[in-house]
Amino acid sequence: MSQDSKVKTTESSPSAPSKPRKRLPVLDPSGDYYYWWLNTMVFPVMYNLIIVVCRACFPDLQHSYLVAWFVLDYTSDLLYLLDIGVRFHTGFLEQGILVVDKGMIASRYVRTWSFLLDLASLVPTDAAYVRLGPHIPTLRLNRFLRVPRLFEAFDRTETRTAYPNAFRIAKLMLYIFVVIHWNSCLYFALSRYLGFGRDAWVYPDPAQPGFERLRRQYLYSFYFSTLILTTVGDTPLPAREEEYLFMVGDFLLAVMGFATIMGSMSSVIYNMNTADAAFYPDHALVKKYMKLQRVNRRLERRVIDWYQHLQINKKMTNEVAILQHLPERLRAEVAVSVHLSTLSRVQIFQNCEASLLEELVLKLQPQTYSPGEYVCRKGDIGREMYIIREGQLAVVADDGVTQYAVLGAGLYFGEISIINIKGNMSGNRRTANIKSLGYSDLFCLSKEDLREVLSEYPQAQAVMEEKGREILLKMNKLDVNAEAAEIALQEATESRLKGLDQQLDDLQTKFARLLAELESSALKIAYRIERLEWQTREWPMPEDMAEADDEAEPGEGTSKNGEEKAGQEGPSSI
């Protein structure tokens, strides 16, 4: 084969399919990747906020580490540039749906103030280094315009962290540090402008031993600035107008800072107290009530110990109130993830529908019992069942000492009393005394809540009744004859009800027919009367009746005139 044919063959062969280009994903603003990127942006923003001002006011710091500053400066600029790219790939919500169209994202971003600030923060002002020299870091002050990203990162962290109050305090301390740091840098710069050592207020002369070191210069300035802003300790009196102005400005800043700190700390303390009140019951009101009612010391001690146990061991008794603001479906999912494993251990609830168990989980009420406290006594009416979450309970005799059995975590009791099972020999009465040996955490499910849920699941109700019947048979507490009698009575009652319903339907049908016949007869009578009226209008009037009418008309007029005259004469005669 010739070379030309080889070339033709090569050209005629189909081209290899090109690999699709990988497109950068769109970030969810509430997702993890976006959150960690915000945390990454904290470092370049904080670097520019702290270091640039320090380099501008402390010349020795700028001159000593010039190469390191260049590396850090342009590394932060690179992160700033990448942050703009991230902005162009961060979706937004429109009508609750995440928009992932990059054209719409870019169009929305460039119309915001954030885009203008981001661009302004990357203006290469440090290009003036070529003309003015590399020792003027104030040319990079436009990098401060990226501070909103710092605030956004703090807000996201505050909502995600498990300790928001501690984070608020740490954030407040960081703000205080930045303010004092900036003030100390300005103090040193003002001292350099006025002349070191010119008076007692400015920074001492660096010619003195120890004051020429960079660390000493910064620490002295930071200490002096802290004294001014906290108004703690004696500071030298200012001697010049510039010094007076600086002190006045610092005092005003200190007043505002003090108010901010007090407000922030009050907010943190209030949030902590509110959280405690939401999670744990308020014992102050109960203690005051017991004092006013003069409850005996032993019972009061038991109540206080119960509250103390809840507080120390972080036990919650009002989960419903805590989760009440969540949507119903989300609240059900949270409750299922926490309590479903406990509820599924109960024998009568096994193999039930998942939706039924979710409804029942929302009805569980946590309860905590103290040592020696009775959960139920023999003969009590059973209105709820209990599931042991933690702790131990004993089945005791009437003397309260003899123990027949010990119930541990995962066991349950009282489930038969909340289901109306025909032939139950014990009825709804408790058959044993149950006493808590230590502090016991139980879940309580009331009969009313179970009945409300089962009204929507009749098939599940039949299955649960059958399981309860099997349990009673094993315990020899099911009267079969009584059960058959109740079933027969129920069937007879249902049959009678059906007969009454049928009779009622028949009566309603007859009544409807009678009503229809009455309406038809009324229409017929009205039609006949109308026809008679039209017929009587055409009849001729008899002559004697016409003459009587003519004679009656003048008489009526005379009588009317007489009545009017009598009416006029009457008052005058009186």
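Keep in mind that glycine also has a Cβ here, set from the backbone N, Cα and C atoms.
Ranges compared are 425-474, 475-524, and TrEMBL records coiled coil for 475-524. Residue counts for the domain 'Cyclic nucleotide-binding' (348-454) by DSSP state, with H, G and I taken as helix and E and B as strand, are 20 helix, 40 strand, 47 coil. Note on the transmembrane segment (34-58): residues 27-28, 69, 72, 75-76, 79-80, 83, 86, 90, 136-138, 140-141, 143-144, 146-147, 149-150, 152-153, 156-157, 160, 178, 181-182, 185-186, 188-189, 192, 214, 217-218 of its chain, located 6 or more positions outside it, place their CB under 8 angstroms from a CB of the stretch.
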